[in-house]
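Engineer: Please read through the structure below; I'll follow up with questions.
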Amino acid sequence: MTSKPLPQHFTVLVRAIPVSDGVAVSDAVDKFFREYHSSTYLSHTVVHQTGKLRRLLNDAENICTKLTNLKYVHRSSQDAPRKFLGLFGRNDVLGKYQKRLEDVEENVRLEQSDATRRQEIPAAFVSFRSRYGAANAIYIRQSDNPTEWQTEHAPDPHDVYWPFFSTSFMERWIAKFVVFVASVLLILVFLLVVAFVQGLTYLEQVEKWLPFLRKILEIAVVSQLVTGYLPSVILHVLSSYVPSIMKLFSTMQGFISVSGIERSACNKMLRFTIWTVFFANVLTGSVLVQVEIFLNPKEIPSKLAVLVPAQASFFIAYVVTSWTSITSELTQTAALFCHLWGKCAKCCRRDTSEAPSMPYHSEIPRILLFGLLGFTYFIVAPLILPFVLVYFCLGYFIFRNQLFNVYAPKYDTGGKFWPIVHNTTIFSLVVLHIIAIGVFGLKKLPLASSLLLPLPVLTLLFNEFCRNRFVPIFEAYSTESLIKKDREEQSKPEMLEFFSNLVTAYRDPALKPIRRASNSDERTAPLLASSPI
């Protein structure tokens, strides 16, 4: 209610547009919405196939980067000899890259005109004169055939992920199934890694695998490092590659926004983390053994009460190892090594001045995992609590600095990551209650176990209340708020300018005219940029 008018509040994305032979997608969209939404329809922007165009723009950007680096090196070595035996010089190389850049720019302009004329995709961004009109188009089925004229919320123009608009309804459905199978296979493969890591925690197992290290392992310090610290380090290092894989899986599913991709990757990463890092380490053994534990629900509390405390030392070492990873976030160690490697390898990508965005899909599951460890271990192994507290204190100050001074937000989801946090917290509380019931049962305290039985039930009832009370707010705006907001703004003079800009707000950046930067001599300035129109 307090926000300014935003393009995504007045726009919907329409996919699976049926088109007859000889009829353009733009004409079909205009005819349909003028007929059925005549009082609120404003304009539309058809999505075009721009895959080839984006490849050309990437080539142009790479050439610009090489040309910029050569000019920088040329300026820094003006006093040094620039020719070898008077035959070869750097000016010839500069001229060659300049000519290649001009050729690519010409190909970009030709491809832009060609894409605008004929390479339409059956998808369009349709804008309306009111928020209520856009909401009607989203929540009312537009066609008798539910696979046609599918509408959904339009993301912020800067949040749109353009490459995957060409996927059809059936292709997206198949992609979801393929990604699900791939995610399950990844978890199964990672269970082998967890089994290896758990084997390192037992000195006898290490000596059996590596008998030639038996004498070295007899040294107390070495054996403590190998069995105590090394397993958590290996698990951390291998787990660091999983977020990028999960983001790739989410990208393959055909999401049309960066926030949608990261939210989907966050859910995948959360399930992966809870199962492979927590349960797979707690329920040591084969996959079949782990499944058998959950096939007998009556035995779950007692078995968790025995298995969870047995892995307390491993998870304490895991939390301590995480201190290093969260402090490296402050120093940006990974980005520093990538920058140095790019310089040593003479990487063609330029040093961009654009601020990075917060990797929510990797950081949120990691934080929620430590919340789960704190909940589940504070009864059976309270020694872990100070280590978890130190992690959260470090995380508070470090991420506060990063969010204020390092990361720049690329999108605003309206708090749609919060239900993920809420549901995981409820899950952690239920696991805590189950373990507590099992602990009191093992200690032959039936009264205490019986008194704890209502706790998971009450927690799930509270979760159900929150789901019915608050989740709808994250999914859709109410008619009351939409109409009230529209009436407040309909007489404001700035709305005319807003609607004028809304007509071109969802134009593909690849179709915008390119221009040369005026300050192309500077190393950090792009030589190729999109026009701001």
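For all residues, glycine too, the Cβ spot is worked out from N, Cα and C.
Heads up, TrEMBL stuff is auto-annotated, nobody curated it.
Relevant sequence annotations retrieved from TrEMBL are reproduced here:
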type	residues	note
DOMAIN	9-163	domain 'CSC1/OSCA1-like cytosolic'
DOMAIN	176-440	domain 'CSC1/OSCA1-like 7TM region'
REGION	514-533	region 'Disordered'
TRANSMEM	173-196	transmembrane segment
TRANSMEM	216-238	transmembrane segment
TRANSMEM	272-294	transmembrane segment
TRANSMEM	300-320	transmembrane segment
TRANSMEM	367-399	transmembrane segment
TRANSMEM	419-442	transmembrane segment
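Could you place the listed features in the three-dimensional structure?
Structural biologist: Beyond its flanks by at least six residues, the transmembrane segment (173-196) meets 167, 234-235, 238, 242, 245-246, 249-250, 252-254, 268, 271-272, 275-277, 280-281, 284, 286-287 of its own chain at Cβ-Cβ distances under 8 Å.
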Engineer: Mind checking which residues of the chain, 6+ beyond the ends of the transmembrane segment (367-399), have their Cβ under 8 Å from one of its Cβ atoms?
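Structural biologist: For the transmembrane segment (367-399), the nonlocal Cβ contacts are 270, 273-274, 277-278, 305, 308-309, 312, 315-316, 319-320, 322-323, 326-327, 329-330, 420-421, 424-425, 427-429, 431-432, 435-436, 439.
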Engineer: Which residues of the chain, 6 or more past the ends of the transmembrane segment (419-442), have a CB below 8 A from one of its CBs?
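Structural biologist: Distant Cβ neighbours of the transmembrane segment (419-442) are 263, 266-267, 270, 274, 300-306, 308, 364, 368, 371-372, 375-376, 378-380, 448-449, 452-453, 455-456, 459-460, 462-463, 466, 471, 474.
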Engineer: Can you work out the mean pLDDT of the predicted model over the domain 'CSC1/OSCA1-like cytosolic' (9-163)?
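Structural biologist: Value for the domain 'CSC1/OSCA1-like cytosolic' (9-163), mean pLDDT as a whole number: 80.
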